[in-house]
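K.L.:
This structure is in structure tokens; I'll ask about it shortly.
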Amino acid sequence: MFDPHLPHSAVIDRRVQESPGIFSLRLQYVDTHVQDIFEFKPGQFNMLSLFGVGEVPISIVSDPDDSHFFDHTIRVAGRVTEALSRLQPGDRVGIRGPFGRGWPMAQAEGQDVVVVTGGLGCAPLVSVIRYLLRRRDRFGDIHILQGVKNEDDLIWRRQYELWSREHGVNVQLAADMPGKAWPWQQGLVTELINTLDLNLEKTVSMLCGPELMMLAAIAQLRDMGLADQQIWLSMERNMQCGFGQCGCCQVGPKFVCKDGPVFCYSEVADFLGAKGF
Amino acid sequence: MSAQHIAARRPGFMERERLQDFLDVFRLLGYRTLGPVVEEETIQWREVDTIDALPTGVHARQGAGEYRLEEQSDDRLFAWNHGPQAIKPLLFSAEETLWHERLMADGQVDIKQTLPEVKPTAIFGVRACDLAALALQDRHFLSQQNPDPHYRVRREALFLIGVDCAFSAATCFCTSTGDGPSLGEGFDIGMAELDDGYLVWGGSAKGGEIIDGLSLEPATEAQLNSMIQGTDRAAAQQHRFLPGETELKQLYDKLNHGHWDEIGERCLSCGNCTAVCPTCFCYSTDYHRTLDGRSAEMKRQWDSCFSQTHSSMGQFMLRRETALRYRQWLTHKLAGWQEQFGRSGCVGCGRCITWCPVGIDLTQAVAALLDGGLADV
Ligand SMILES: Cc1cc2nc3c(=O)[nH]c(=O)nc-3n(C[C@H](O)[C@H](O)[C@H](O)COP(=O)(O)OP(=O)(O)OC[C@H]3O[C@@H](n4cnc5c(N)ncnc54)[C@H](O)[C@@H]3O)c2cc1C
Ligand code: SF4
Ligand code: SF4
Ligand code: FES
């Protein structure tokens, strides 16, 4: 019987230091059969474990069509991610997954996509951006909006610069407290949203970041006329199992790991931002 | 108990003296037999070989934060109302290893599932509320997209001999949740204890075969009446209750009610309530190296929405205040479960009331929280 607790060994094929605190791992299952049947959607995540150190939930950022490997981009946040950052090609990790529900890529076909990220991390949306860029003709305009507090918080600057050079992609960055050399906006990500000329008939927005930022962005998007069904977000909670069993990730009646981590705003509106959830 | 319910049972009568033979049947069939035994002044599930080990004439006096066993002059073996644990720990272990791995000389790791070794196990004296809770745990651990192999192995080895409750503790309120005091479903053999013996009937094909093998006389009219009197008495002894499920859903409209803070001042955040609750399923995992450094294992242990770690994400804790933890527990149990499992997560066993060291009573909490807030139902 399939055991959802049991990890499969994967070997690091490549390691890229994206910025001082961020690195990417390209992984491949040791067992080729496991690699062959591994399928995922943008927004889904794996539970990544390091021998006897710990296990953490990490989004999959590679393209679902790349079937020979999969990528994770990880920010050093604490004990386990720090230990993972020291791994080199040839080293092994344990993988369970993929888990959760991904982004509404089918709903987004033929539509403009507004990607809003904030704070330090945007990994769950990296997969979306890559997915859109690789299938450029199937989607309308792509807006990538990122807000940070300090200029230095834009920890993956190079990546945003690369995206901004792509055709039909509008990258806008805002820093609340920018330094002198900051070439983009000063202010909040909501002000970036405000500058968009949204086509309300055919837009999907996807959000990821600190919940206060997402709440502000949602309020702004709704003010501009987007319906709740057009607003999607990815959430993070304490995850021990990843598949709806341990109970630790619950937000009201939702299991973030299984019902999410990507939610339509209407599904979590009652609890998002409510103290204690 | 409805006429239909009684008719469906078609029980046979077994004198109390034959109970040892009945127990022996299971031992002969290769079962480990668990039954109620008095230990540490409570009723616990322990291995029993002889009927003498069962608690004769023992009744349990329970109240908020109170549990005391008392001996009465009757010969009943199942007059007690449940001890601190239902069937949960026998299936969802309080702590267990999920897998084990070894680092090999060539750098490979060898990962092995560590399934529990189980013997077929027959449990004597399971109550209606225990079975209702079991059905919910089955749904959680088995009917999901990713069923739990550890729970399954133990579950498949179980044979359940249920017994109607003929008495209620003061903390019981299963009539109001619809889960007792008479056995509903989910048992292999059902029993009702009378003054001089037992009415027994099959609840599953396996159970039916065993009952057929006993060649019992069908119950008399008088015996059937005693059976009904038993559960009627148990029901009449209950005075606590919860409102209906529609009303319970409104707890989510009461998130800012002042009563949460009142409870938060009393609650010790000890997690006793979640440990004794037969439906609570939260756990955390612990992945560590063993002493030799070349092996590691993944363990899981019961967690609780009252623990420090349950709502922690690194430095950030969603529920630092006890009031928020209690609110999480109660709203999830009574309202959240309805969306997740199609019914409230409370089967009315009252354990969380009995085993709370400061006597917090969820039925009172609900009454206070919903008081005056039911205008629109
Ligand atoms: C669905 C999901 C997808 C994620 N995807 C990514 C990703 O692609 N890249 C990435 O860098 N990070 C991602 N994270 C966050 C990542 O899981 C945490 O940074 C990581 O758990 C921190 O562990 P640590 O031991 O290094 O840090 P510590 O601060 O030491 O964490 C201690 C424990 O707290 C919990 N914890 C801490 N931070 C988080 C968090 N943000 N979310 C959930 N639990 C947390 C974990 O159980 C962790 O083991 C994701 C989180 C979730 C829930
Ligand atoms: S919430 Fe309390 S009364 Fe209800 S099932 Fe759990 S322990 Fe029993
Ligand atoms: S309600 Fe009672 S049993 Fe539950 S955590 Fe609080 S003090 Fe402990
Ligand atoms: S991570 Fe275990 S239930 Fe969601």
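Just so you know, glycine gets a Cβ as well, placed from its N, Cα and C.
Per TrEMBL, [2Fe-2S] cluster binding site is recorded for A:C241, A:C246, A:C249, A:C257. If you look up TrEMBL, you'll see A:5-105 marked as domain 'FAD-binding FR-type'.
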K.L.:
Can you work out the mean pLDDT of the predicted model over the domain 'FAD-binding FR-type' (A:5-105)?
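P.N.:
So the average pLDDT across the domain 'FAD-binding FR-type' (A:5-105) works out to 95.
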K.L.:
Since the record lists A:C241, A:C246, A:C249, A:C257 as binding-site residues, which of them has the fewest other Cβ atoms within 10 Å of its Cβ?
P.N.:
A:C246
K.L.:
From the centroid of the CB atoms of A:C241, A:C246, A:C249, A:C257, the recorded [2Fe-2S] cluster site, which same-chain residues not already listed sit within 8 A by their CB, in sequence order?
P.N.:
A:N238, A:M239, A:Q240, A:G242, A:F243, A:G244, A:Q245, A:G247, A:C248, A:F255, A:V256, A:K258
K.L.:
Run through the domain 'FAD-binding FR-type' (A:5-105) and tell me, per DSSP, how many residues are helix, strand and coil.
P.N.:
14 helix, 47 strand, 40 coil
K.L.:
I'd like to know which of the binding-site residues listed (A:C246, A:C249, A:C257) lie near ligand 3, counting only a CB under 6 Å away.
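P.N.:
Going through A:C246, A:C249, A:C257 in sequence order, none turns out to be close to ligand 3.
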